[in-house]
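Some notes on the structure that comes next.
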Amino acid sequence: MFCFLGLRLLKYITFRTAYATIFAFLLALIFGPFIISRLKKLKLDQILRKDGPKHHLSEKMGIPTMGGVLIFFCVLVSLFFWIHFFNIYFLIVLFVMVSFACLGFTDDLLKIKRKNSDGLNPKFKIYGQILFSFISVVMLYYFGGEHVSILYFPFFKSLKLDLGILYIPFGMFVLISASNSFNLTDGLDGLAIGLSIVVIGALIIIAYLTSRVDFALYLNIPNVKGCEELVIFLGALLGGSFGFLWFNAYPAKIMMGDTGSLSIGAVLGMVALILKSEILFAILAGVFVVETLSVIIQVVVYKKTKKRVFKMAPLHHHFEELGWSEMQVVIRFWIIGLIFAILALSTIKIR
């Protein structure tokens, strides 16, 4: 595809990444209003938690969900022009994106059909996540190259651990945890997608450094051959996410839904696995980790003591209950997410 165009610029990863990003963003701006209107006509409105903040019931009623459809449409169309499709890492990530998006889409659809926030049976939901994560991690394990099962630790120059076949359950844990943590964080206008943009931006830098032999040697990080196409994929995802944020910013005209949040979380988890940045990813996605821990702590403590640690979980609702406005919570969480990203990127050199 790139040869017959005869443009040398198309050989450069930075050029293709930049235009994949811009293209996906512009597609979102162009098709966003149409997709939002179609979702409204189909009455695919966000179903709100009855035990959530009371003001959400009036402010967010009637907003269409399944916004992940907009993101992934823009990403896939953009990638058609800018990526080498037959790259094994891209194909694995594409499988993760489509499979988890389908799972989230089913969950969203059932919520709308039943008119409650229960959606897909939790057992079926986790079974689906286990199945899709198992398939994708096994694919990575067998096609991922010599470093695939090795775990690298930030801050340490030579500390690493070869998990062998145990890398498969470990990788599944990363994917499922990332998917669910991004899903839990998607509770306020612009919150999850804004934090996702920060994580995606940092992963673009890591992917580019990891794809280059010279940078990998200089920084003492693994060089993953073939991962340069992930830079372009992440660029398209970044552009699509910025475009979605255009319509998801407060007051939101569209919600991401499980269609978007489950899939984006899983995709970024898989990218972290491919780039050998699993532990770094936990720092990078620090806000998502804290949000998930707040839910776990709330549930465990309440079951044992019948007392609540937080006024409401996940953590972003706790701050709403303390009197913070929605925009204050979102922007402050974005700032914290950016600090986590800077911290994570700084560890690349500190080895």
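Each residue's number is its place along the chain shown, starting with 1.
Yeah, the Cβs are placed from backbone N, Cα and C, and that goes for glycine too.
Fair warning: this is a prediction, and the values are worked out from it, not measured in the lab.
Taken from Swiss-Prot, the feature transmembrane segment applies to 17-37 (among others).
Outside the transmembrane segment (61-83), and at least 6 residues removed from its termini, the chain residues within Cβ reach (under 8 Å) are 16-17, 19-20, 23-25, 27-28, 31-32, 35-36, 39-40, 44-48, 90, 97, 101, 104-105, 108, 112, 229, 232-233, 235-237, 239-241, 243-244, 247-248, 252-261, 263-264. According to Swiss-Prot, the transmembrane segment annotation covers 61-83 (among others), on the basis of sequence analysis.
According to Swiss-Prot, the feature transmembrane segment maps to 88-105 (among others).
Beyond its flanks by at least six residues, the transmembrane segment (130-150) meets 88-89, 92, 95-96, 99-100, 103, 160-168, 171-172, 175-176, 222, 224-226, 266, 270, 273-274, 276 of its own chain at Cβ-Cβ distances under 8 Å. Among the features that Swiss-Prot reports, transmembrane segment is placed at 130-150 (among others).
Long-range contacts of the transmembrane segment (158-178) within the same chain: residues 96, 126, 129-130, 132-134, 136-138, 140-141, 148-152, 265-266, 268-270, 272-273, 278, 281, 285, 288, 292, each at least 6 residues beyond the stretch ends and with a Cβ under 8 Å from a Cβ of the stretch. For 158-178 (among others), the entry in Swiss-Prot reads transmembrane segment, with the evidence type sequence analysis.
The feature transmembrane segment is assigned by Swiss-Prot to 190-210 (among others).
Taken from Swiss-Prot, the feature transmembrane segment covers 230-250 (among others). Only residues 6 or more beyond the boundaries of the transmembrane segment (230-250), in the same chain, are considered here, and those with a CB under 8 A from a CB of the stretch are 13, 16-18, 20-29, 32, 36, 67, 70-72, 74-75, 78-79, 82-83, 89-90, 93, 188-190, 193-194, 196-197, 200-201, 203-204, 207-208, 211, 256, 260, 264, 267, 271, 274-275, 326-327, 330.
Look at Swiss-Prot and you will find 254-274 (among others) tagged as transmembrane segment, backed by sequence analysis.
Long-range contacts of the transmembrane segment (279-299) within the same chain, counting only residues at least 6 positions beyond its ends with a Cβ under 8 Å from a Cβ of the stretch, are 151-154, 174, 177-178, 180-182, 184-185, 195, 199, 202-203, 206, 265, 268-269, 272, 308-310, 313-316, 318, 333, 336-337, 340-341, 343-344, 347-348. Positions annotated as transmembrane segment by Swiss-Prot: 279-299 (among others).
The transmembrane segment annotation in Swiss-Prot covers 328-348 (among others).
In this chain, the transmembrane segment (190-210) lies in contact with the transmembrane segment (254-274); the count of Cβ pairs under 8 Å, excluding pairs fewer than 6 apart in sequence, is at least 3.
If you look at the transmembrane segment (17-37), the same-chain residues 6 or more away from its ends with a CB under 8 A from one of its CBs are 64, 69-71, 73-75, 77-79, 81-83, 204, 231-240, 242-244, 246-247, 253-254.
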